[in-house]
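Participant: Sharing the feature lines straight out of TrEMBL:
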{"type": "TRANSMEM", "residues": "26-47", "note": "transmembrane segment"}
{"type": "TRANSMEM", "residues": "53-72", "note": "transmembrane segment"}
{"type": "TRANSMEM", "residues": "93-117", "note": "transmembrane segment"}
{"type": "TRANSMEM", "residues": "129-146", "note": "transmembrane segment"}
{"type": "TRANSMEM", "residues": "229-250", "note": "transmembrane segment"}
{"type": "TRANSMEM", "residues": "271-295", "note": "transmembrane segment"}
{"type": "TRANSMEM", "residues": "311-333", "note": "transmembrane segment"}
{"type": "TRANSMEM", "residues": "354-379", "note": "transmembrane segment"}
{"type": "TRANSMEM", "residues": "506-528", "note": "transmembrane segment"}
{"type": "TRANSMEM", "residues": "540-561", "note": "transmembrane segment"}
Amino acid sequence: MEKAPGCPSVGGSYPQKNAEILSSQYGINLFLAGLLLTFAWAVHAVGISKSHLLSYLITLMLIQLLWMLWYLCRSCTQRRLIRDKDTHAGARWLKCGITLFAVITLILDSFKIGYYVDFSNCLSAAEGIFPVTHAVHTILQVYFLWCHAKDIIQSFKTLERFGVIHSVFTNLLLWTNGVLTESKHQLNEHKERLITLGFGNITIVLDDHAPQCNCTTTTLCSIFSQGIYYLYPFNIEYHILASTMLYVLWKNIGRKVEHHQQHKTPFKFHGITAGMIFGLIVLISTIAKVVVYLIQIGGSKTKSELALTMFYLHAISVLALMCTAGIVALLIYRLEDRSLDNSKNPARKLDAELLVGTAAGSWLLSWGSILAIICAQAHPKYTWYNLPYSILVIIEKYIQNLFIIESIHREQEKVNDDIKTLRIVTISRGSTLSLTPSYKEIYNGRAARDNGELPYLLNSSICARENDGSGGAKEEASQANCSVMHSAPDFSFYSRNSVTNNKRRILKNIAAFLFLCNLSLWIPPAFGCRPEYDNGLEEIVFGFEPWIIVVNLAMPFSIFYRMHSAASLFEVNCKT
């Protein structure tokens with residue numbers, strides 16, 4: 001189909017560049033068509049029902065399934081061929097994370113199947129076919145990503161570009177559908193809560209797509225309908241993670257990589273006790289806060305105000321600690337003299353772009369809250385806590401993005417502290433002289449040799465030979481000289497090594513603490529704890545419908561930012 005990778009041709013890159021542009025435009029149009037269909041269903045457009053949207057999504061998933069099966073079959077028949085791999089893509093911890101979300105997504109699909117069975121009298125066939133297709137799609141996609149996320153495709157490149165970009169935008173549309181469904185559920189609950197806070201002038205019209213028939217089993221219907229919305233956050237994270245991994249695979253098609261040994265960076269609990277303890281305290285307190293918030297909010301005006309005040313005070317404390325930890329980490333980096341890795345890396349570039357891009361969602365909400373507080377005529381007491389909270393959200397993301405991006409661009413240390421001590425034995429006159437310099441000492445000896453000095457090991461051998469051919473007095477003098485030669489550089493080395501280890505330990509604790517804090521801050525908005533909805537002040541200033549549109553657009557990016565930051569910080573902890 002295409003010229004082999006090893007055959008050079010004049011202008012050979014132009015067809016591939018055109019294929020990349022064509023495939024990207026195909027994906028964008030695919031996404032826009034689905035987005036418009038989703039929007040039409042959301043606003044109850046005439047002639048467009050949920051079955052039309054689900055049929056479109058089912059078709060996209062079936063096409064992706066056919067492509068993945070073709071790719072897997074071709075890979076099995078050609079598995080003896082040596083394939084290039086991107087060692088930075090598809091990290092094992094990322095695969096484990098997407099597998100966890102996929103398992104919960106399969107539980108969600110089973111709930112949807114049960115929901116369809118109970119309401120089968122008034123639901124279209126598409127609502128029953130969709131969860132079954134989605135479950136098969138999820139299983140095969142996870143297997144595909146486990147086996148081929150690192151692939152650098154060098155054959156059938158044009159066809160593969162269209163297949164991969166189709167998969168990327170299929171997952172983005174499934175993510176959009178999940179976000180919209182979950183947001184509509186949150187919005188209905190939000191409208192009911194506003195009355196308890198005294199905002200009775202806001203028109204409350206529930207936008208419900210509930211089936212127009214009775215359930216066959218009332219208890220099961222209640223379990224399925226309520227359980228679905230608690231599982232949607234995991235489904236949303238699954239699809240956005242899958243789309244990012246597939247996007248890296250698409251960017252790697254036809255890429256030429258430099259073959260070099262990749263240092264393994266396993267995660268270790270050793271040395272991060274303090275960071276883990278403080279992070280777990282934040283995580284446990286956040287879970288408790290979410291439980292209390294969901295119980296109290298909407299109960300009465302007093303309970304709702306107390307719940308909002310509790311949320312803001314807890315969030316302010318956590319964000320202030322995160323800002324402090326980030327500043328300390330950046331100061332440590334300023335004191336270090338380590339070069340940056342500026343090599344081409346699609347996975348790392350995408351991580352940085354996603355951090356800044358998704359942070360814009362939180363920044364938009366924060367600036368909206370700040371403007372509402374400034375312009376509002378009446379200020380309930382709890383709204384004043386919203387001001388420092390919104391400011392800290394902006395500052396914390398700014399500092400954290402700097403820390404993560406600088407961390408993932410720093411070159412790893414060439415010398416690993418865990419390398420076993422090398423034992424070098426020299427035999428002189430039948431006696432054994434055992435020297436135990438570490439790998440770093442031998443490595444540093446090379447630098448000493450470049451400066452005209454003898455390395456540590458050679459100095460030891462010379463001292464041994466001098467002692468053999470001299471008298472007692474000369475031997476004692478020689479030993480004294482040798483001890484001086486060893487002690488000075490050894491003291492300097494261990495001093496520098498101690499300082500470096502202390503810095504690394506602090507950075508690892510900070511990364512572990514921020515990792516758990518980001519997981520903690522992901523939980524409240526993902527499970528319905530959203531003060532941007534519930535405090536009511538922004539709706540008064542901007543209007544109910546405009547502000548709800550802003551929140552529904554920005555909140556999914558804010559939620560994804562926390563999970564993506566947690567994943568990036570996990571990688572930072574492993575590399576440090």
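Residue numbering: from 1, along the chain as shown.
Cβ atoms are placed via backbone N, Cα and C, with glycine included.
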Participant: Give residue numbers and ranges for long-range contacts of the transmembrane segment (93-117): same chain, 6 or more residues beyond its ends, CB-CB under 8 A.
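Facilitator: Same-chain contacts beyond the ends: 123, 127-128, 130-132, 134-135, 138-139, 141-142, 145-146, 149, 216, 220-221, 224-225, 227-228, 231-232, 234-235, 237-238, 241-242, 245, 267, 567, 570-571, 574.
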Participant: Could you tell me whether the transmembrane segment (311-333) and the transmembrane segment (271-295) are in contact, taking contact to mean 3+ Cβ pairs under 8 Å with a sequence separation of 6 or more?
Facilitator: yes
Participant: Mind checking which residues of the chain, 6+ beyond the ends of the transmembrane segment (354-379), have their Cβ under 8 Å from one of its Cβ atoms?
Facilitator: 244, 386-387, 389-391, 393-394, 397-398, 401, 404-405, 532, 537-538, 540-542, 547, 550-551, 553-558, 560-561, 564-565, 568
Participant: Within this structure, do the transmembrane segment (229-250) and the transmembrane segment (540-561) have 3 or more Cβ pairs under 8 angstroms, counting pairs 6 or more apart in sequence?
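Facilitator: These two segments touch.
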Participant: Out of 26-47, 311-333, 506-528, which stretch has the largest tally of CB pairs under 8 angstroms to the transmembrane segment (53-72)?
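Facilitator: Stretch with the highest Cβ contact count: 26-47.
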Participant: Quickly jot the same-chain residues contacting the transmembrane segment (311-333) by Cβ under 8 Å, restricted to those at least six beyond its ends, or write none.
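Facilitator: Result: 278, 282, 285-286, 289, 293, 382, 385-386, 388-389, 392-393, 395-396, 399-400, 402-403, 406-407, 410, 503, 506-507, 510-511, 513-514, 517, 520-521, 524, 529, 531.
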